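Copied from Swiss-Prot, the annotated features are:
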BINDING   Cys70, Cys72, Cys85, Cys88  Zn(2+) 1 binding site
BINDING   Asp460, Asp462, Asp464  Mg(2+) binding site
BINDING   Cys814, Cys889, Cys896, Cys899  Zn(2+) 2 binding site
REGION    1384-1407  region 'Disordered'
COMPBIAS  1386-1399  compositional bias 'Polar residues'
Amino acid sequence: MKDLLNLFNQQRQTLDFDAIKIGLASPALIRSWSFGEVKKPETINYRTFKPERDGLFCAAIFGPIKDYECLCGKYKRMKHRGVVCEKCGTEVTLAKVRRERMGCIELASPVAHIWFLKSLPSRIGLMLDMTLRDIERVLYFEAYVVTEPGLTPLERRQLLTEEQYLQARQEHADDFDASMGAEAVYELLRMIDLQSEMARLREEIVVTGSETKLKRLTKRIKLIEAFIESGNRPEWMILTVLPVLPPDLRPLVPLDGGRFATSDLNDLYRRVINRNNRLCRLLELSAPDIIVRNEKRMLQESVDALLDNGRRGRAITGTNKRPLKSLADMIKGKQGRFRQNLLGKRVDYSARSVIIVGPNLRLHQCGLPKKMALELFKPFVFAKLQRRGLATTIKGAKKLVEREEAEVWDILEEVISEHPVVLNRAPTLHRQGIQAFEPVLIEGKAIQLHPLVCTAFNADFDGDQMAVHVPLSLEAQLEARALMMSTNNILSPANGEPIIVPSQDVVLGLYYMSRALENKKGEGMVFANTSELKRAYDNSVVELHAKVKVRITEIETDDQGLRNKASSIVDTTVGRALLSEILPEGLPFVLVNTEMTKKNISRLINSSYRMLGLKETVVFADKLMYTGYAYATRAGVSICIDDMLIPIEKKEILGEAEQEVLEIQEQYQSGLVTAGERYNKVVDIWSRTNERIAKAMMDTIGTERVVNADGEIVDQKSMNSLYIMADSGARGSPQQIRQLAAMRGLMVRPDGSIIETPIKANFREGLSVQEYFNSTHGARKGLADTALKTANSGYLTRRLVDVTQDLCVVQLDCGTAGGLTMTPIVEGGDVVEPLKDRVLGRVVAEDVLLPGNDDEPIVTRSTLLDEQWVAKLEEAGVQSVKVRSPITCESPFGVCALCYGRDLARGHLVNMGEAVGVIAAQSIGEPGTQLTMRTFHIGGTALSAAAIDNITVKTSGSVKFTNLKYVEHANGTLVAVSRSGEISVLDTHGRERERYKLPYGATINVKDMAEVKSGQILANWDPHNHPIVSEVAGFVRFIDFVDGVTVIEKTDDLTGLSSREIADLKRRGSQGKDLRPLVRIVDKKGNDLTIPGTDLSAQYLLPPRSIVNLQDGAPVGIGDVVAKIPQEASKTRDITGGLPRVADLFEARRPKDPAILAERSGVISFGKDTKGKQRLIIKDADGSEHEELIPKYRQIIVFEGEHVTKGETIVDGEPSPQDILRLLGIEPLAAYLVKEIQDVYRLQGVKINDKHIEVITRQMLRKVEIVDQGNSKFLNGEQVERQRVIDENAKLIARNELPAKYNPVLLGITKASLATESFISAASFQETTRVLTEAAVRGTRDNLRGLKENVIVGRLIPAGTGQTYHSQRRYSSVGLTESEMETLVGRSTSSGTEVTSPSKDAIPLGG
């Protein structure tokens, strides 16, 4: 019996494997796969349609065409299983063996495998140490190669032309062997003794001096090492036997009309077989050499085309002029095996239809058309019909269903109750694009969708379609209900804020009912409770917007957790009091006693989730929605053209602007301003004007004059329909209303530059023909941009997912002490993101102490910061917190829960097995479509208008200096003499409120820790000149000042004062080229003074174009300006914005002119310049010097004698992330990447949590570069996975040997994806050929650790609920007990770790 059951399993290969290994196939292995040799190119007999014997479809080789039936029909049925027919040679078995039985072709002459020859770097070339060009000349019969020199002066692997060969034959007769073609290469490869070659190279690498040779040797050592370790032989890269793919994988299908559709592979195989057979015949006939050679070359070319068509020479085309699809093309690209069939499969039990709005559904429901449900749940319905006895057979049940009998519908109702379905809207950019709902049967053919989940799906009802899938197994249903149900996805995983927020109509309704208006019916009435008020409202005694007093009863929770009722009389409006009726118990009335704009509603739902948990919030969100719709209907808001009020001031503002433009035009004509300045100023004037008119318009629309209850005339917010919509956040924005009622403003040309004549009209007035034409320009560009943007954004998401796909939470605590220090983010003096927002949901890395009290920790190490904790931190005035980060996590694979912190979508500590990598990739990729594509062009004045020349405080408090070096001027002010100094303002609690950068040479009007008032000016400076400040008091002495050569004297006509300007280098002529004009400060006797704290003389090198106003010998005091350098309006640097910028950062691309950072700390001096470069020298503390050559056109921002620290900017520009990592380390790099990426997203108003960017940065830092190999087997300069080096070093240290030293390397996301340990994942991403070639040579083993690899081999992913399956599978093979397994999977927490976290409604995931 057991064998009978085994019958079905014989064909199934085992699924229980732990790894997949790839390698080179030896000829013996290929022959062992084969079931016979394919000798003829024929496919099938066109009369009988039966396969030809020994042909490409031969039944004797590949198996029978029909199950259990031989080709000639002698043996049929199961009883002859396994018999080989003596007449036709077919084995009687299942026909599906034709999918797995391979054949082979014995090649008459060896052939090189094109992947190992042409895929760069050429493996055959490296192995033989010959160039690819030379090998190709041998292979394609253009030259001889010496395979065995014997005793002749010839070298092995030396190439000989035909003449040289004949000459050598004459000279040396048969003393040497030389041949051509793949045989020659095969011989050379066969002779290589890998071990001795390896030893020779290891010796050579020690003595070699040349850089290029070293690189070549390193590559060869790696390759030979790979061959030795994997057990591959070099000659296997040359094929002597060619495997033939099973016929069912390259089918030949008869079409009607007697023609055949065939796979391209059959054509390619036919070509190879034809040429091979012809070559055999020629060799038998011992034909002339030239003919044989030609045939061999053609055979090589046809095998090349079969393996990878088009890689060498022109691609072989079929009858229809398109290139044939070779074996390589089958697996690579979007249509290849990996991406088309293994990573994206089509599934059954699915349907799709248009979606319509379902405003009366509950949040967990969706409306499913009856017809669709019946089709989807058919098998369930059949089973139930049979169980009920309404049908006896499946056939009978089928008939009932087809006739759509009445009882079928009742049964369908029962079947679908409590059976969730999964809805999906393409494009699925993040995990909220697929959610589970309980179906409700509806009439019609459209799917009803709950309005609150539209944001998550990014769906609207203008014809969008959605797909429905049915989870069949019990496990799938359970997961759909527990994890994917729409009620479990209230918070966005990107930022932890509610994603189930009302929008549009609902917001409008709630806003309308919560507005307060003056002098409405019933104003000033007092009500005992809300039900009394409701009665009054229903009887039209009070109006909805009247201001009234109501007694509200609330439930309050005190410190002990006891719940008490508290009632109070509140000033409110009728609408808000009615709104309080749906407020769940435990939420304060304050939350709704305000205008319910979209922001406030979001805050309300967030508070509800944090205070009351999931279930209450879901019910509340539904009630909010129903209320919103009801009152939107009552409001009856509509817009008409009269709602667009054009401000009266428009005419006069336009007049002023036109006047200004005329003035500038005149200045330009008289030559006072350049064309560029004129353009910039004009654009500036118009954008300012536009803003003024827009403000006037918003004031006009947004306020109205009314008489209040006391008879006075007052202004109140108007109820203008347009204004209501924009103000509530329901639809539209001030920008759009501006175009309707103020002026359209400036338009953009397709290249992104601004047209200087604005559109003065608005849409209500109507545009003139010319204005309309101008506006079409930019509009078309916008549409083209959108299309490109979607593609680019999708590609970015794909790369991000690929680099992070194997990152999961693998343990609770890795025990690291490292982390990142978080501080508030400040821009232009304002705090953009306070500290509490940055550390919320993070785990503290070390105790946080009270500022000014080092004994008392507020928060202890390893605490998860929730809302209560961050409030405490803010109260205490903490300015920086060190938190755990994925970047510093020390888990070998994946990250640990404490380094990751809170799961943003659930609000508690992240669960074991959560796929945090994919979530990070989706959170960053999904808003990609909202980012802009264009680079911003910023002209001169657009910037110079905003040239800041002082610091004015916005809040009162005390001043704190950070990193600030300053000297005290004689008049009592301080002068800044450092570049990276900052001034901050702290409030009474010591919390930082503002922070400003101070430029060099700024005058500071306050002392450190001084009290300041709001509006006070702390510091000021000249924005147009960069001063050089003297740090000592003494007398000026000019050095190398030669009039007319290095300096030009200028006298001002008005004042008569003279000043000297340092001449440009080009103008100095030959005698001035070695002069270095500088100002030295000396004492009375003329001795050099030194800068305090150093032994450098106080001298200041003057760069070209700097201006000196002092005379030689004049006295200077501390803090006086010695010279100043005019700053031209900063060069227009295009700011790359939007998507391209994000992509550049993640790809870790070096900017075009990167900032030059100081390689070490020390004091600056300048050396002798070369032709196009200036020489900058940094002298460090122990006197060693480091030189840096800097192009003349770059502006150096440091001066002689200035002290710089390692990694400080010395030449302005965009810093390169690689430099930051090398000079400053991982933490500053992380801070830089997070800041730069967040800046782009913040500009678009997109919120993404920092930890997602950190997760991706972690993956970019996976590799390290070996700087000193120690006793390890790594080579210097090799890039290796960090974890491999750590493991290897641990072994070395255990044996008391020298460990390898290494530096972290930053790889871009594409590079990092391709450099992953898993070759299956890398091959399915990009450059499939290269990845597989490399992996085969190394004999790589893929341990199937990531998500992609497991999807490809058809298993559950090792994340989420699939992690338990994997751990059980692993340990069942080891045979552990239950308790041991629990310990391993990570139930236990590491010692000394406490995790404090409120886990409300937590759904524990496997683990």
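Just so you know, glycine gets a Cβ as well, placed from its N, Cα and C.
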List the residues of the same chain that sit at least 6 positions away from Asp460 (Mg(2+) binding site) in sequence and have their Cβ under 8 Å from its Cβ, in sequence order, or write 'none'.
Cys454
Can you name every residue in this chain, apart from Cys70, Cys72, Cys85, Cys88, with its Cβ inside 8 Å of the center of the Cβ atoms of the recorded Zn(2+) 1 site?
Ala59, Leu71, Gly73, Lys74, Tyr75, Lys87, Gly89, Thr90
Residue pair Cys88 (Zn(2+) 1 binding site), Cys899 (Zn(2+) 2 binding site) - Cα distance, angstrom, rounded:
68
What is the nearest of the binding-site residues Cys70, Cys889, Cys899 to Asp464 (Mg(2+) binding site), using the Cα of each?
Cys899
Looking only at Cβ atoms, how many others are within 10 Å of the one on Cys88 (Zn(2+) 1 binding site)?
19
Here are some binding-site residues: Asp462, Asp464. Which one has the most Cβ atoms within 10 Å of its Cβ?
Asp464
State the count of C-beta atoms found within 10 angstroms of the C-beta of Cys896 (Zn(2+) 2 binding site), not counting that atom itself.
25
Nearest to Cys896 (Zn(2+) 2 binding site) by Cα, among Cys72, Cys85, Asp462 (binding-site residues)?
Asp462
When you measure from the Cβ of Cys70 (Zn(2+) 1 binding site), how many other Cβ atoms are you left with inside 10 Å?
25
Between Cys85 (Zn(2+) 1 binding site) and Cys814 (Zn(2+) 2 binding site), the C-alpha gap once rounded to whole angstrom:
65
How many Å lie between the Cα of Asp462 (Mg(2+) binding site) and the Cα of Cys899 (Zn(2+) 2 binding site)?
44
Take the mean position of the Cβ atoms of Cys814, Cys889, Cys896, Cys899, the recorded Zn(2+) 2 site. Which other residues of that chain put their Cβ within 8 Å of it?
Gln811, Asp813, Thr816, Arg884, Pro886, Thr888, Glu890, Ser891, Val895, Ala897, Leu898, Tyr900
Find, among the binding-site residues listed as Cys72, Cys889, the one whose Cβ has the highest number of other Cβ atoms within 10 Å in the structure shown.
Cys889
Highest Cβ count within 10 Å among the binding-site residues Cys85, Cys814, Cys899: which residue is it?
Cys899
DSSP three-state call for Cys896 (Zn(2+) 2 binding site): helix, strand or coil?
strand
Cys72 (Zn(2+) 1 binding site) and Cys889 (Zn(2+) 2 binding site), distance between Cα atoms, whole Å:
67
Determine, for the Mg(2+) site, the additional residues of the same chain whose CB lies within 8 Å of the mean position of the CB atoms of Asp460, Asp462, Asp464; present them in sequence order.
Ile355, Ala459, Phe461, Gly463
Report, in whole Å, the straight Cα-to-Cα distance of Cys814 (Zn(2+) 2 binding site) from Cys72 (Zn(2+) 1 binding site).
68
What is the interatomic distance between the Cα atoms of Cys814 (Zn(2+) 2 binding site) and Cys70 (Zn(2+) 1 binding site), given in whole Å?
63
How many Å lie between the Cα of Cys70 (Zn(2+) 1 binding site) and the Cα of Cys899 (Zn(2+) 2 binding site)?
64
